[in-house]
Amino acid sequence: MNKILLFVLVVGLLTVQGCKKEKRLTIAVGGAPSEVEYLERLIGEFEKETGIHVVLRRQPTDTDQRRQELVIALKARERDPDLFLMDVIWVPQFAASGWLEPLDDYARESGVELSSFFRGVVENVDRYDGKLIALPLYVDGGLLYYRKDLLEKFGFSPPSTWDELVRQARKIQKEVRKKNPSFYGFVWQGAQYEGLVCNFLEFAASMGGGLTDSLGRLTIDRPENIRALQFMRDLINRYRISPPNTYTEMREEEVRLFFQRGDALFERNWPYAWKLHQADDSPVRGKVGMSLLPSSTGGRHVSTLGGWHVGISRFADRKKEAWELLKFLVSKEIQKRLLFDLGWNPGRRDVYGDPEVLKEVPQAAVLQSIFEKAIPRPVLPFYTRISEILQKYLNSALSGDMEPDDALKSAQKEAEVVFSLYEKR
Amino acid sequence: MSEEKTKKILISASSVFILLFSLVPLLWMLAVSFSGNIDFLRSGRYLITLSNYHDIVRLRNLHFTDYMRNSMIIATLTSLIVVAIGLFAAYAVTRMNFPRKELFVMGVLAVSMFPQISIVGYLFKLMSSIGLINTYPALIIPYVAWTTPVVLWLLTSYLTGIPRELDEAALVDGASRGKALLRVIFPVAAPGVFSAILIAFILSYNEFMFALMLTNDFRARTIPVGIALFQGLHGEIPWGYVMAGAALASLPVILIALFFQRYITEGLTRGAVKG
Amino acid sequence: MKRGNLCSPASGEALPFILPVILFMLLLVALPVIGTFINSLFRDVPFLEKRFVGFGNFARLFKDPGFRESLLFTALFLLISVSLEMVLGTLFALTMNEKSRLTTLLRVAVLLPWVIPVAVGARIWQLIYNYDYGLLNSIIVLFGGTPVNWLGSPGLALFSVILADVWKTTPFVALIVLTGLKAIPEEVYEQARIDGTNLFNRFFLITFPILRPVFTVALLFRTIDALRVFDVIYVLTGGGPGGSTTSISLFAYRYFLLGDFGLGSASSVVLFLIALSLSVLYLRAARFKEAIS
């Protein structure tokens with residue numbers, strides 16, 4: 001019998017291994033490995049400057065996995081990570097779930113001026129229930145990349161309306177196809193994932209549509225949205241300037257690689273692609289221009305707001321130190337370096353006017369106007385559920401399984417059910 | 001054509017089919033894992049390389065070695081614990097009488113029918129309230145419970161085949177039940193116990209859903225979840241790495257299958273014939 | 001101290017032997033299941049206050065087209081997958097039963113798909129089905145065909161998932177049936193051969209009936225497993241395209257991920273009840289047949 005007890009004890013002790021939890025400042029960061037490595041070095045500098053020891057918890061690259069890991073930790077009220085990065089679309093969910101520490105007092109005491117940040121971003125995303133609960137690490141907005149060499153050759157200037165884009169694309173595509181049969185006029189993200197919703201929102205809002213009205217009610221099946229969805233379908237089937245696998249495979253990297261190979265005239269993508277297009281081994285190096293996305297005639301130029309924000313966990317055991325690190329990351333100096341080294345666009349507008357920035361990053365002016373105008377996706381705690389519904393129906397319309405008006409009507413119906421499930425009563 | 005001939009042809013064809021069906025995906029995995037260019041079927045060129053294997057073990061960011069370590073430790077501890085408690089219970093079922101024995105056996109069997117998803121939600125709440133999320137016990141404890149039915153089933157049918165006279169002799173000599181089990185029965189039952197350990201190991205090693213929901217980073221995450229979630233930069237998947245990872249991840253269980261094939265198949269099928 | 005003989009009702013002494021198992025079963029299975037049942041009666045979302053809603057969650061579930069879709073998918077998956085496994089597994093077993101030089105090789109080969117983690121196997125199949133680099137499309141293109149979108153078209157995705165699952169689980173059926181086959185004495189076949197029955201008749205009139213209990217066991221296990229399928233779908237398609245390959249388990253998981261424990265629990269409860277009913281129906285049917293024969 002004694003032997004058994006001993007056995008059980010030993011096994012028990014071994015099992016308890018990995019249960020230790022010390023107090024420490026932990027930040028969870030994810031993204032591409034190069035980005036994570038850079039942040040690691042940056043945080044090392046912070047440690048030297050302030051003497052605060054930081055533990056870096058590396059997250060995967062995939063957004064959904066990052067969210068899952070954080071949700072698990074926060075639901076379990078873990079003390080780590082103290083600080084973490086959130087995709088702009090999760091901030092409402094995290095905030096409404098009471099997982100984010102309010103930052104107004106910290107900001108006030110540290111003298112952090114909220115007016116130095118993009119107002120639209122801070123007010124729409126970083127505020128919940130009147131309280132500040134996050135700050136932008138970097139912002140993103142969709143934009144149009146174009147082959148300036150091809151446009152010049154045909155005597156065009158960058159299109160300012162969708163009609164112009166279609167006309168230019170058709171003409172140039174026909175000519176270039178004589179030599180390069182895999183050439184397409186316009187590549188964008190149409191696969192069934194979050195990016196599709198971002199693209200759709202840009203098409204729709206530029207034609208006067210949108211997902212919600214001023215009162216926050218869902219307006220998915222608006223006529224303008226139906227027209228936008230039909231237009232997206234036409235790009236593939238009628239005008240044939242977008243490839244047939246747009247709705248099965250085209251996501252950010254697929255689109256970028258397509259354009260970078262030299263097989264596309266126009267590309268809708270996020271700012272990150274710029275650096276890669278200008279890389280030494282890029283076939284389109286020096287031939288790329290960027291501009292605002294076209295509008296419909298008489299409409300406005302719109303970008304979907306993306307980006308990542310930093311927040312402090314309500315259950316953190318080192319909140320003061322976490323704030324120091326947060327302050328560090330959103331400080332003007334660090335934001336400038338992130339822009340130069342990673343191509344991350346600051347959420348602070350004061351960086352864009354900086355003379356050094358204007359010299360190094362000539363497109364900063366374009367970027368600034370994009371971010372001032374960027375519109376967020378619906379700021380709802382259950383946005384991901386709505387997005388899933390939208391992704392499904394938008395993609396069915398693109399693939400031809402459903403007609404645009406049916407698709408959007410069904411999406412509206414389903415989304416309304418979710419809305420009634422989850423809205424605050 | 002004679003019947004014998006027909007039969008021979010059918011069996012040969014069938015054998016070839018079985019081999020191809022079972023092995024081609026695994027051979028494909030190996031082929032991709034050793035290739036430098038995964039489009040080798042389209043392009044016709046095959047660049048052989050060890051860099052995929054080298055990289056996934058070397059790159060700390062990928063946490064591959066962490067996942068393997070976690071899986072090995074968790075599966076080993078689970079199999080040892082579950083077989084220990086299962087052996088005692090099986091002994092009681094086959095050698096002792098106790099009230100509602102039928103209920104006990106049926107109850108444990110019924111548990112194996114439960115969908116994991118019906119358990120994991122509340123299990124998550126339980127584990128987080130004790131603060132065990134993302135630790136080894138968070139997985140070992142549920143795994144022990146989860147593999148108990150199979151192990152009990154296996155050991156029960158095995159012990160039934162061991163004659164009672166052995167016990168009786170020991171008891172007559174004045175040994176307690178416990179001693180009888182450990183000193184007399186256990187050595188005789190060793191092959192069955194070994195089968196049970198192997199199967200419990202395989203089941204825990206391969207488990208996915210609990211690991212997905214009860215762990216969230218490299219400190220306790222297991223290799224099936226690690227492989228499943230393996231992504232690359234900006235979302236494009238590095239298939240060379242994934243297949244190398246898949247090969248390494250499968251190695252422990254494949255080795256077990258190769259060396260202990262007898263134990264596994266016998267263990268699995270024992271209870272089946274009894275029904 | 002007096003000790004009872006081996007079969008006396010000295011039940012007290014059995015307790016320490018069975019207590020650990022009882023504790024594990026109660027605390028880690030029974031308790032969570034009850035907890036899940038209770039949870040399904042509440043609106044439990046992190047960004048709203050917890051509230052009792054009775055059967056409200058269930059009502060919403062059945063109005064949700066996504067849930068109905070998952071029920072349909074699970075039913076189709078179950079029917080097709082299990083049928084294929086049973087047929088294929090029996091074929092494998094019959095082949096392996098014949099003595100040949102390949103027997104050990106066959107045994108090992110057949111075992112391999114079963115022992116590797118489902119998630120790992122699914123990743124391999126994900127690459128096999130890959131549009132650009134996959135094994136299947138590369139072979140198709142080699143023969144001059146056009147590549148197929150195995151995982152991207154709703155109808156096709158269903159079969160792709162089924163094939164990957166069948167690959168993994170057929171060994172289990174094969175092994176069980178093989179054991180049953182081995183228990184049939186050679187004399188039975190000898191007699192049948194002398195009587196002049198041919199190969200196929202021998203199978204259907206002799207082998208099949210004898211194997212019935214074995215089939216029943218395999219069928220029961222495989223049915224329950226197919227009902228709760230999760231791993232292979234999560235990795236292979238994530239439930240897409242458009243929710244067309246979402247099983248009930250995956251559907252429940254989605255809600256848990258959103259943080260909605262109420263709806264997640266409700267979905268799990270529905271699955272649990274389905275599994276329970278099927279098991280009971282099954283066992284009843286099996287006993288009924290036994291009673292007849």
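FYI, residue positions are counted from 1 along the chain as it appears here.
Yeah, the Cβs are placed from backbone N, Cα and C, and that goes for glycine too.
Note that TrEMBL annotation is computational and uncurated.
Here's what TrEMBL has on this protein:
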TRANSMEM  B:9-31  transmembrane segment
DOMAIN    B:68-260  domain 'ABC transmembrane type-1'
TRANSMEM  B:72-91  transmembrane segment
TRANSMEM  B:103-124  transmembrane segment
TRANSMEM  B:136-159  transmembrane segment
TRANSMEM  B:180-205  transmembrane segment
TRANSMEM  B:239-260  transmembrane segment
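Against the transmembrane segment (B:9-31), the recorded stretches B:103-124, B:136-159, B:239-260 differ in Cβ pairs under 8 Å, and the greatest number is found for B:239-260. Long-range contacts of the transmembrane segment (B:180-205) within its own chain (CB-CB distance under 8 A, at least 6 residues past either end) are made by residues 71-72, 74-76, 78-80, 82-83, 86-88, 91, 143, 146-147, 150-151, 154-155, 158-159, 162, 166-167, 169-171, 222-224, 252-253, 256, 260, 263-264, 266-268. Sequence-distant contacts of the transmembrane segment (B:239-260) (same chain, six or more residues past either end, CB-CB distance under 8 Å): 26, 29-30, 32-36, 38, 51-53, 55-57, 62, 64, 67-68, 71-72, 194, 198, 201-202, 205-206, 223-224, 226-227, 230, 232. Nonlocal intrachain contacts for the transmembrane segment (B:136-159), taken as residues 6+ away from its ends with a CB within less than 8 angstroms of a stretch CB, comprise 70, 73-75, 77-79, 81-83, 85-87, 89-91, 93-95, 105, 108-109, 111-112, 116, 119, 123, 127, 185, 189, 192-193, 195-196, 199-200, 203-204, 207, 210-211, 214-215, 220, 222, 267, 270-271, 274.
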